[in-house]
């Protein structure tokens, strides 16, 4: 295997920087995080016939892989799965999914030759699935040298990422070489398949977006009833209008709060559930809302919601499906600011469905937005500012019949997108990764 000069230089630099990268791993994850990142005292490898290694950057990527993970475990009782990720939040979120003893979740090794070598020598994976844009050079090179089949699933390289790789001939050649190491490349969209082909993955194809599959467990009925009782939305005597702002980012909460202020002039009892994308921002959001004169409760601090409460900041982990189910009407963030948008289907996939609103920045979710917008009534609508957001929320809250029809349309659209997709994805990965056949 003739490795391009640029990747050789990367490996040498990464090895030289290993001590510094170890310090960074310690600061981010403490002793436990450092041990996992440096592959020191790892847990024993499971005694299984097939160990699938899945790696994704953070919560969204790793959660999208769970349908594949569950399919592997169901098909072969002698198989196991190792999931690695770059964030502690993803480790914690996956821990809530009750994946069972045959699934190991931990941080990825730092991308240095010796560390990656130790990792592969210890775990001896049967195959590797990389999610979206996780093309770590040392990881790919050493896995290939050990004969580990590799797949890039939901492959996606943003314009900015491509620009960085294309800055010099050495990096362009490096990207082309890394993509060529993948035995299967499944793109996130038809346009992305064409882009990946042009960049060096000649057999890249699109069969569907992994995020169209249901990854999270549905919320438990007891939890739904408990949250409805907490916020008063289930009260037959005096139900209140509830809406959700999900996965919001800095710059979006101000728009959402402005919209809620206008909504409260029309519906004085309306309650906003505000779930930031990064829960550590919960305290700052509470301070901003209180500074605007709102009565606020914070879920992470187990504060009570009263009739006078106008905003409930839900800065907790793994509860978005529950919030979508209870609210039934949600604005999904990352779309009023230029971040490309977050997964709308997560809301559409809850048992009762969810009416969905989003901003104009939907580069990452164009296909699902288009599909949801084509239903009757539209399951997803675009809003550009606080006034449009207020109008859309008010229109649905004052007409329960339309809201319920929109929720059903969202659920049906999600089911249509999901139908047969896992079978298609499995068929593309089965041979290249030597995935296990049914064995019980």
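Our numbering is plain: 1 for the first residue shown, then up by one each step along the chain.
Glycine is treated like the rest: Cβ placed from N, Cα and C.
As recorded in TrEMBL:
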DOMAIN    34-211  domain '3-deoxy-D-manno-octulosonic-acid transferase N-terminal'
ACT_SITE  61  active site, proton acceptor
SITE      132  site 'Transition state stabilizer'
SITE      211  site 'Transition state stabilizer'
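Annotated pair the residue listed as 'active site, proton acceptor' and residue 211 (site 'Transition state stabilizer'), C-alpha to C-alpha distance, rounded: 9 Å. Under DSSP, the residue listed as 'active site, proton acceptor' is assigned to a helix (H, G or I) in the three-state scheme. In sequence order, 56, 57, 61, 153, 154, 155, 156, 188 are the residues near residue 132 (site 'Transition state stabilizer'), counting only same-chain partners six or more apart with C-beta under 8 A.
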